[in-house]
C-alpha cells in the first residue's frame, strides 16, 4: 500500500479507537521487518513496527499484506478466541476490510428520490460497505460481540442457506394468508389526508377512521446497524420503531419501507437477529473475502417479495435449540402480510406458554420469547408494508397493534424472559404520528362525559370508548376510572345472579374497563411533592381500583371458573387442531383480573374435568400419551391460565394492597386477597402468617386448612381469634345496610373455597337473608350439601360462622324405604298387641295359677 493509503489507514484506526479506552504498547520505530510471517488464507499477517499496535481488550488492529499485490489492507484481528478451533495466529479470528471500503459511502440513486406510492418496488434498501466518513461503522471496529458469537465464516457451511418453510408465501400467492373479514376500504366521510398541512381533528372513537398517507413525506432514512457487527449497515426509508422489553430483555424492531431489522438480546437467553429486505437486495456479512465473494447472512432462499436473514447462537450447530428457533422465525415474515394473522398466532403462543407453565410440563418456556416477540415484530412490519402498498391506514389497525403489544409483552417478559412484573415496557410508532393528538382528544372526551348518561348506552359503545382510553391514555383519567368502576359494579350485580352472558363484547368491556382504570402503574404514588389535587386523585384511584379488584374476585365464583375453564379447553382443543384466528380477549374472565390464586388447586381442577364435554376428550388427546400427559394436565392448564392477571401489566395485588407489604414479615402462599376497608385486607392462606388478626377454621381437612387473616397497614403484630357461630339478624326492617362492606364465603370441608360474594348494597344484603328465595345462588341454603359451610367477614376484622347455612341439610328419603319402615312399624305393633293380650288374658282367667298347681 502506498504511503498516503497507509496514513489513511492509520488515521481511521486512530480515530475510531480514540473514542474508547485504549492502551498502547510501544515498539521499535526501526524499518518494517518481515522476518516472521503468518499466513492467513491468501494474505500474510505481519507486524508493522512503524507505529504502535493499538489494543482494546482482546481486539487488535493491524495491517495485512497481500502476497500477490504486496499491498496492505486494513483489517481487524480478534485474539484469544475460545470458540474457534482454527489454528490462526494467537488463536485469532481474522477478517479483512478492503482498502476500497475506505472510500466515501455510495448509494443507489433511489435514496435521493421518493418511492412511488403503492409500488412494491418502491422501497429503496441498500447495503453499504464504506468506512471512510461513515460513523455508522464505528461499532464494527470496537465491538466485543464478535468474541462471543460464530457469525463470520469464511465459507458457507451446511444449513447456512436452508429451504423455505411450507407455510410461507409462493409466487402464486405472494402475500400469504389473509384472514376474514377483508380489510375495509377508506370511508370518504372519515378520511384524514396527510398532505403536509395541519391535520384535522382525528376521531379516535370511530374505529373506521382512515388515515391516508402521502409517502412523499416519508423520506427520512434509517441506517440499520447489526448488533453482532456482522452485517454491513443497511439503509432504508424510515417507517417506525417497535420496542419491547423488561429489566432482563430488550427487543427492538427497526422498520423501513420493505425492511425490518429485529434485535433480541437478553441476560438469560442467547441473542437473535432477524433482517427482512426486498428479495433483490443482498445483505453482506463482514468477513475477509472480497466483495464479489462476500457471503450473505444465513437464512432461507429468497421469496416472491422478501428475503429473510437470521443470525443466532445456533447458526453453526444444526442440533442446537436456537437453530430450530431460527428456522422457525425465519418463516414468519413471509407467511402473511396480514398483521391480524401474526397477532393471532402471538396470542395463541402466549396461551400455549401459560398453559405449559400451568400444566407443570416445563418450567423453562424461554423458547416462547423468540416466537412471540418475532410474531409481534412481524405484525408491525406487515402493517407498515400494507400501509405502504395501499397508501392508507385504518385507525383500528393502529389500535389493535397497540392493544396487543400492551397485553402480550408483559406476559412474555414475565414468564419467558424472567423479568420482574413491573419492569415491562413497549411502544410502537408505526405509521402513526398523531398519538399526542389522540391522547389529548380522549382526555377531553372522557372529561366531558356524563357517567349516568353513558351507563345507559349499549355495551358496544362502552367497548369503543374504553378501548380508546386503554390504547391512547398513558395515565388514568378520573372520569374514566369512575365510569369503569360503575360499569364493573353493574356487571357484578348481574354476574352474581348468573344473569350475565359472557360473550366477546362483555369480555372485552370488562378487560378494557379494568385496564383503563388501572393505567400503567403510574397512579399510586403518594409523596410530599404531590399537590392537593394530585393527592386526591391518587387516593380516589387507589380506592376505586381496590373496589374493582374486589368485585372481579367476587365474580370469580366456582361455577364461573368451571365455565371459563371449559371455554379455555375448547380454545386449546382448537389450538391443537390448528386453529388460527384467536385473541386472548376471547377467553378473558373476571378471574384473570381477580385476587384469587387458588384455582389451580386439585379440587377446582376436578370440578372442571367433571363438566368437560365428551367431544373435547378426543380433541385434547385424552388417555395416556407417550409423555404421560392426560386430560388432567389440560385441566391444570386451564385453571392455571385463569390465575394469570392478564388485565394488568404490573403486580396489581401488590400495588393496590400496600398493607400486605407494609411490614417486613413475609406472607405464606396466598390463596385469596380481599381488599375491604381502606388500608385493610383479608388474606386467606393454608398456614398462619406471623402478622395480623388470624382465624383458623374448624371442621376442615387437616391436610388443607383454611386460615383467614385481617391485615392492617403498618400493624405488624400478630394475634389469634376464634370464629363464633351466630344466626344473622334479619335487616329487612332497617333502611341502613347492616352487612354492607362484608364478604360472604362459601367453602367445603375439603378445604376448597367456592364463592366469595361482596355485599355492596341493600339489595344484596336482603338476598343474603332471603333463604331459599334468594336470587343469588350462593345465598340459597337449599343448594348446600352437608360438606359445605359459610361464613361472613366483616370490614372491622370480625369473622362469624353462619349457623343458618351450617345446620341446613335436606335429606331425600326413598319411598320404598319409607313404606318398608311403616310396614315394619305396623307389624311390630301387631306383635306387641298379641303379646299383651296373651299376658292380660292369662291373668284375668287365672290360667297361671292353674299351671302352677298342676306341677
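Glycine residues also receive a Cβ, built from the backbone N, Cα and C atoms like all the rest.
Per Swiss-Prot, the features are:
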type     : residues : note
CARBOHYD : 42       : N-linked glycosylation site
CARBOHYD : 48       : N-linked glycosylation site
CARBOHYD : 52       : N-linked glycosylation site
CARBOHYD : 68       : N-linked glycosylation site
CARBOHYD : 126      : N-linked glycosylation site
CARBOHYD : 189      : N-linked glycosylation site
CARBOHYD : 217      : N-linked glycosylation site
CARBOHYD : 503      : N-linked glycosylation site
CARBOHYD : 679      : N-linked glycosylation site
CARBOHYD : 773      : N-linked glycosylation site
CARBOHYD : 796      : N-linked glycosylation site
REGION   : 174-195  : region 'Disordered'
TOPO_DOM : 20-815   : topological domain 'Virion surface'
TOPO_DOM : 837-855  : topological domain 'Intravirion'
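All features noted in Swiss-Prot, drawn onto the structure.
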residue: 503; record: N-linked glycosylation site; contacts (Cβ under 8 Å, 6+ apart): none
residue: 679; record: N-linked glycosylation site; contacts (Cβ under 8 Å, 6+ apart): 658, 659, 712, 713, 714
residue: 773; record: N-linked glycosylation site; contacts (Cβ under 8 Å, 6+ apart): none
residue: 796; record: N-linked glycosylation site; contacts (Cβ under 8 Å, 6+ apart): 677
Local Cβ density at residue 126 (N-linked glycosylation site) - other Cβ atoms counted within 10 Å: 21
Mean per-residue pLDDT computed across the topological domain 'Intravirion' (837-855): 61
Residue 126 (N-linked glycosylation site) - helix vs strand vs coil (DSSP): strand
